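Student: Pasting a structure here, questions to come.
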Amino acid sequence: MLIILIFLPFVATSDYSIKIDEKSSINKTIYQFPRSYELLNNFQSSFNLTNDNKNLILTKNIDRDYWCLQNICSCDYCSFILELFSNDDKISPTFSTINVTITDINDHACQFLDIQKNIFLSESIQIGHRFPIARAIDYDSGINSQLSFKLIDNNDYFELNIIKLSTNEYALYGIVKHSFDRELNEKYDLTIEAHDHGISQVRFNRTKVTLWILDENDNAPKFNQTEYSIQSLPEDTPMGTELLTITATDVDKGLNGLIHYSIIIASDISLFPFVINATTGVISLRLSLDYETIRSYRFLIRASDSGLPQSLYTDTWLSIKIKDINDCPVEIFFLSNRQFQYDNQILSIHENTEINNLTLGYIRLYDRDSEQTKISLSLVMLDKNVKQDYEVILSNQINSYKLNVKQGIFDRELQTEINLRFIATDTLLTSIYDLKIHLIDLNDNPSEFSSNLLKFSVEELANYHMVDNLIENYQLTIGYLNAFDRDEGENALNKYEIELNSLVEIDPDTGRLFLIQPIDREQISIIELKAKAINIVEPKWETEVQIQIHILDVNDNIPHCSASYQRISIPENFPIDQPLIKINATDADYDINGTIHCSLRINSSWPFEINYKTGEIYSEQIFDYELETKIFKIIIDLEDEGFPRKNQNINACQLEINIEDINDNRPELFDETQTQIFVDLQNPFNAEIVLLNVTDLDSEDYGIPSQQTIIIVSVAIGDSSIPSYSTFEKVQLKYSRPRSLGLIVGLSVLIVTFGLFLCIIITSVLLRKHRRQHQAAIIARKKLLCSSSQQLTSSGSTETTTTTSLSIEHQHVANILQIKPTYWHEKYYDQHSSNSYNVDTSSSESRTYKILHIPQDSEYYMQYYQQEKLVNHGSDHGYHGSNETGSSSSPASQVSVRRLYMVNQLPDFVTRCKSVNGGFLIEMNVDGSDEDAR
């Protein structure tokens, strides 16, 4: 904060003076100065300077008499000073004053004030009694305000007593010259005439009052002084202060002698600063005083009695002079350097103005107080980081100095304004004057964009509206270029330009970018252009910027398949976890608008589904060429996920799926009755006993891999001469009955076997008995193995025809045990015939045989013989190193007869026994590998 203190003595000077008549003509020169001046103050805004500021003129009419009434100037001598300033020498300013005196013209006649229109006097009143009549004033001044009065009538009874209150104001009293007789005359009219002493013209005026003579109340109050005065009342006297006591007496008694005091003024009493106590006559200060506004007061005090029927009164005058005190702060006047603009305490300076002890303006101090005091002045910087250095230099004239800038820079972009404060004091009071230095902008900065690359976006949909609803001069707004310029006003205004193109234009004034033709995002997704902002004021700075206009996608495209029709072939056993095909589709739109959702339009019973995202089509089940539809025609609907959604239901993707046959079915008989053959012993037969009619559901011949079907043929041997054996059905029915009995026997054998196993478990507790049984079992097993090996070897070459050619009579055996190994194709027999059983043949060293016990009864044997099976096969039936091979086309190789092995009893190493269809199913261990687990 910079503070400069300067002490100046107060000196009032006047270099020029002039007298002008009131109501002089306006806009005419009233004084011509030898040099150019500026007015530091303009009294009542009534003056101006013209002709290069050398001629002083009036700008409005001056009514001196009105200024007097308003205390603008003294009524006695209307004079004031105008402050002048000159800087013609360009070195130091010159301060001057001109004293202007407004002279009066006789433009007013006498005015009567406070006229007592009806005056009441007692008939016994004393001769010489004085009574007030009126107050007279002439608002002119000098000789024009001097008045003379005369009484026109009733001069025998009355005479005038004139008291001069001021240079132009008078008090008019009447004096009783003769006694009254009310019975003769109770009323007197007095006419008073006044005229001024004007030279060129005398002005007259008259007033009239009426006097009434009363019977009682002979005496009016009398003041103890003809006039009262206060010679020096300080203007800072506190309100409520008692100033003076007015005293009047009345020799009458009672109400006639009771006095009341009042102040008589022409203006509003509520605005008058003085008040009187009506009973005591004490004058007090009610409002504050101001010496600089009104320097003196003179007013009428009236003392009235309370007599009836008419009150009598007497007036006196009170004059008060106000004493000036130092209550006015110093007035500060600033006059700017002519090269700068100044108005309302704002000094405007162009930025970049050269600073080298630059004088900004001049200051004049003025104190309206009459008391001379010393003045101090200080300068305070109100802003921080001020870029200039200011100083105050005393001028060669009293109460004046100049404001200089020593060094620095005026840059509006760094500092838009500078605030200075001048503080003046006159020992007691302080005044403040704030000066704002406003920096006027120059176009010294180019415009700037927020970024070197400006991005805009516009939807392509609006462009299609341009096509569909074409309006003349229609322009679709994309956005606005807005260049920022650190300058202000016109210096910050720009014109905008864009490089020539066929798509986008720009409004040069507003920077509005707009399309001039449609744009399809699928063809143009981004527009890149160059634009620039150009200042409209010299030096017309140019700033370039790169523009990117992104065309926003709208959902205006329909999804399309890459192939509208496709045909594929799928094998019938195609796995369900692999896609049959992937539908390739495209949508020219972007992002979600181009995201395709696939769905199937098919028969609800068809086993297809589609991944709506990937377009992969799956089967929900494995196809069967022989049972299901072989050709499927599917429509795939495509729909994007944009809004509004676009789909393609017409000409959607079409897919034809053909199911290919694979060799997954074995040949089958047309009629199962072909497997039921009846051999009549009465009718010998040839080599061919059956002709099979076989079909294959597959569409392929000699399929890969080849499939085989085992056909089971049942042969019933009967005799047409015997009714119960005459047909296949009768033979089958005949020999189906004993099976129930065989089942019962078999179950009995199982129960016995279970009991046997239970006994073995119980007796095994005894170690000794267990060992004997163990040794016996080993001996018996070895014997069996030896006999079995020999029999198996010798039985390999047995021909099928040998067994079939045996006579029935020679086949009755007491105890028959059938032992047969189980092959892979015999599992099929197990599913269709209760006469076939499985045996584990996985190893030639360890085998479990199933032994079928055939009862001795010839009917049981006959049943077995009749149900001997013919098996079609092309596989190896060998076991224990024995193989049987043959051509698949040879009928002899397709027939296999079970080999029979005979034993006389069940050995101890039998592990399981089951009764089946009248026989027994026995399981035994023949290799002795698990002796303890038997």
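Just so it is clear, glycine is given a Cβ too, placed from its N, Cα and C backbone atoms.
Those TrEMBL annotations? Automatic predictions, nothing curated.
Among the features that TrEMBL reports, domain 'Cadherin' is placed at 21-112, 113-223, 232-333, 341-449, 478-561, 562-669. Annotation comment: TrEMBL describes 741-767 as transmembrane segment. According to TrEMBL, the feature region 'Disordered' maps to 873-893.
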Student: For the domain 'Cadherin' (113-223), how many residues does DSSP put in helix, in strand and in coil?
Tutor: 4 helix, 59 strand, 48 coil
Student: Could you put numbers on the helix, strand and coil content of the domain 'Cadherin' (341-449), residue by residue per DSSP?
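Tutor: The breakdown for the domain 'Cadherin' (341-449) reads 0 helix, 62 strand, 47 coil.
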Student: Where does the mean pLDDT land for the domain 'Cadherin' (232-333)?
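Tutor: A mean pLDDT of 88 is what the model gives the domain 'Cadherin' (232-333).
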Student: Per DSSP, what is the residue count of the domain 'Cadherin' (232-333) in each of helix, strand and coil?
Tutor: 7 helix, 46 strand, 49 coil
